[in-house]
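Residues or ranges marked as ATP binding site by Swiss-Prot on the basis of sequence analysis: ASP43, GLY44, GLU45, ARG102, GLN103. If you look up Swiss-Prot, you'll see HIS136 marked as Mg(2+) 1 binding site, on the strength of sequence analysis. Annotation source Swiss-Prot lists Mg(2+) 2 binding site at ASP175, citing sequence analysis. Here Swiss-Prot flags LYS198 as active site, drawing on sequence analysis. As annotated by Swiss-Prot, D-ribose 5-phosphate binding site applies to ARG200, ASP224, ASP228, THR229, ALA230, GLY231, THR232.
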Amino acid sequence: MTSSYKDSSLKVFSLNSNPELANEIATHIGTNLGKCTVSKFSDGEVQINLEESVRGCDVYVVQSTCAPVNQHIMELLIMIDALKRASAKSINIVMPYYGYARQDRKARSREPIAAKLVADLIEKAGANRVITLDLHAPQIQGFFDIPIDHLQGVPILSSYFEQKNLDDVIVVSPDHGGVTRARKMADRLKAPIGIIDKRRPKPNVAEIMNIIGNIEGKTAILIDDIIDTAGTITLAANALIENGAKEVYACCTHPVLSGPAIERIDNSKIKELVITDSIPLPDEKFSTKITALSVAPLIGEAIIRVHEMQSVSILFD
C-alpha cells in the first residue's frame, strides 16, 4: 500500500493467537501494531494492559479463536472491555478463524448452540463490528446484531491453482455441505465439479460412500473450509485415486490440523495441501506437502475499506 495510516485514528492490535498474521496485516495497511501487553496471573487469569492511548480511535483487534480456543476467546473479550473503558471510538474484531463455528445448531436434543453464545459474548463485551473469513456456517452472521464482513478464501486459493496451469481439472467437494464453495472455485477455474457422498458415523470419523461426477483421468482439487483431523479429506483423496483420478490436490481456508492430521496427510494420496494462515502452523505440524498462502492482503484491504467507508464486497464478488 502507498497510503500510510501510522498517524491516523486507525489502530491495529494483536493478541496471542496469530501475531505473525497481525503484523503482516499492519504492514499491508501501512501502520505499526499497537502496543499492548497480554499476560497471566499465577492462577491463569488473563491480564491486558494497553500501552498507548486509543481514545477516539477506530481499533482493529486481530485474534483467531484457534487452539487454545477458550484462552484466545477470553483474551479477546478482556481486550474488548479494555478498549471500551479506554474510550475507543469503535472496536472492530478481526477474527480470521471463528472458533465454535461447528456448533451452529442443535444436531441432537439438549445440545447447546455454542456459535451463538460466542457471538453474544463478543457483542455484549462491546464490539462494534466483526471481520471474519469463511465461516463454517454462513448463517452465523445472523447470530450478531452488529455488522459482519464475511470474507472468502476461494479467490486466494483459486488464484494459486490458476498459476499452476494444471490440466483437465475437476473441483471436488468432500461432502454435500461444501458444494457452494466448490462451485465458486470451479467457476473461477472454468472446471466441472464433483461431490463425494459420505456418511459420518461419529465425530471426526468419515466413511466414503459414493463419488458423483466424472473423475477418470482428471486432476482433482478437493476444497473444504476446515481440515481438522484430516480424516475426511484423506479418505476422499484416496477414493478419488482409486476411482481413476490422475492426481489429487487439496485446499482449505482453516488448517486446524489436530491429532493425527499431519501423519494422515503425509501418508495419503494428496500431492499438495494448500492452506491459508488464518490459523498459524507451528513447526511440529510442518509437512513438505503443505503450502501456506497469506490472507493478510485480503484482510488488510478489508480493514482499509471499512475505515474509509467503502464497499468490501468488491474483494470477493
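All residue numbers here begin at 1 and follow the chain in the order shown.
Placed from the backbone N, Cα and C atoms, the Cβ positions cover glycine too.
Of the recorded residues, ASP224 (D-ribose 5-phosphate binding site) and GLN103 (ATP binding site) place their C-alpha atoms 17 Å from one another. Residues ASP43, GLY44, GLU45, ARG102, GLN103, recorded as binding ATP, reach a greatest CA to CA spacing of 30 Å.
Among the binding-site residues listed here, namely GLY44, ARG102, ASP228, ARG102 has its C-alpha nearest to that of HIS136 (Mg(2+) 1 binding site). Of all the recorded positions listed here (ASP175, LYS198, ASP228, THR229, GLY231), ASP228 has the Cα closest to the Cα of ARG102 (ATP binding site). Counted within 10 Å of its Cβ, the other Cβ atoms near GLU45 (ATP binding site) come to 10, all protein chains included. The two recorded residues, the residue listed as 'Mg(2+) 2 binding site' and ASP43 (ATP binding site), show a Cα separation of 43 Å. For HIS136 (Mg(2+) 1 binding site), the count of additional Cβ atoms within 10 Å of its Cβ stands at 19 [all protein chains shown]. All protein chains shown were included, and the count of other CB atoms within 10 Å of the CB of THR229 (D-ribose 5-phosphate binding site) stands at 18. Under DSSP, ASP228 (D-ribose 5-phosphate binding site) is assigned to coil, being neither helix nor strand in the three-state scheme. Here the Cα atom of GLY231 (D-ribose 5-phosphate binding site) is found 12 Å from that of LYS198 (active site). In terms of C-alpha distance, the listed recorded positions LYS198, ALA230, THR232 place ALA230 closest to ASP43 (ATP binding site).
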